[in-house]
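First the structure, in the form of structure tokens, and then the observations on it.
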Amino acid sequence: KINLQVIGQYVDYLVNEQNVKNVFVNGTTGEGLSLSIQERKQLAEEWMYQGKDKLDHVIIHVGALNLPECQELARHAAAIGAGGIAVIAPFFFKPTNKDELVAFLQKVASEAPEVPFYYYHIPPLTGVKIRVEELLDGIKAQIPTFQGVKFSDTDLLDLAQCINKNETGEFEFLYGVDEQLLGALAVGANGAVGSTYNYLGRQTNLMLQAFAKPDFALAQQYQFLTGEFLNFVIKLGFGVAQTKAVMTFVSGIPMGPPRLPLVDASSEFIVKAKAKLDSIVWPNGD
């Protein structure tokens with residue numbers, strides 16, 4: 001079951017300990033697609049309530065397998081004052097081309113006509129591999145609230161072509177593959193949404209600062225160390241359940257078990273992952 005009681009503590013932890021002031025609610029790490037519509041609404045409301053005057057932006061993922069549920073969640077997000085909404089492509093009956101996908105997204109975005117809209121591109125999980133570069137052509141005319149893309153794919157060519165097309169800078173490209181963030185920044189990504197920022201947000205912000213200076217050698221150090229940890233845990237088997245376990249031992253906030261069909265991280269994983277993370281010496285002396 002969802003545990004609303006810890007969200008206030010979670011907000012304070014992100015802001016005070018990780019210097020993270022923007023959240024993406026009901027996404028992959030939050031198991032949004034494993035939750036009921038009512039649960040998703042409750043979580044969205046609690047994040048909005050607890051984040052008031054503490055968080056800068058709350059983007060709520062409202063994607064679902066069917067259009068009416070997406071529209072209901074979009075209306076709800078608008079009603080509670082969300083800073084943005086995001087939608088993945090439906091992944092059972094899939095859109096097969098750009099026009100089908102845009103038609104679906106437009107039907108959702110139109111239910112929240114004042115709220116910035118993001119397409120959540122995550123082909124490894126949806127199987128929808130329509131290139132974002134292609135999707136962008138003419139999208140603003142069909143979806144006036146279109147703000148950008150949460151780009152969770154390793155295809156930096158597609159991302160670079162998107163940014164090259166975005167000459168006026170009207171769209172935002174938030175990158176979602178944490179171990180490749182520095183590469184995405186180099187081709188022009190202007191933000192990131194990812195699971196590791198729950199517990200490595202401070203170090204990632206320092207990497208962003210180093211990149212902006214620019215101090216590329218320092219930025220590389222941060223990226224390589226994040227990659228060293230992720231490479232280690234991926235070999236052990238790393239997914240949402242394991243992310244919850246890492247977040248629990250780093251933050252002290254009980255993230256709880258995942259919902260079936262996912263199963264809880266093993267005690268062996270927790271011991272090894274904690275030892276590895278503790279062994280990393282970050283450039284800022286942590």
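Keep in mind that glycine also has a Cβ here, set from the backbone N, Cα and C atoms.
Where the annotation comes from TrEMBL, it is an automatic prediction and has not been curated.
Listed in TrEMBL for this protein:
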type	residues	note
BINDING	Thr29, Val193	pyruvate binding site
ACT_SITE	Tyr120	active site, proton donor/acceptor
ACT_SITE	Lys150	active site, schiff-base intermediate with substrate
Neighbour tally for Thr29 (pyruvate binding site), based on other Cβ positions within 10 Å of its Cβ:
19
Consider the recorded positions Thr29, Tyr120, Val193 and say which one has the Cα lying nearest the Cα of Lys150 (active site, schiff-base intermediate with substrate).
Tyr120
Give me the CA-CA distance between Tyr120 (active site, proton donor/acceptor) and Val193 (pyruvate binding site), in Å, as a whole number.
10
List nothing but the one residue from Tyr120, Lys150, Val193 whose Cβ has the fewest other Cβ atoms within 10 Å; the candidates are the recorded positions.
Val193
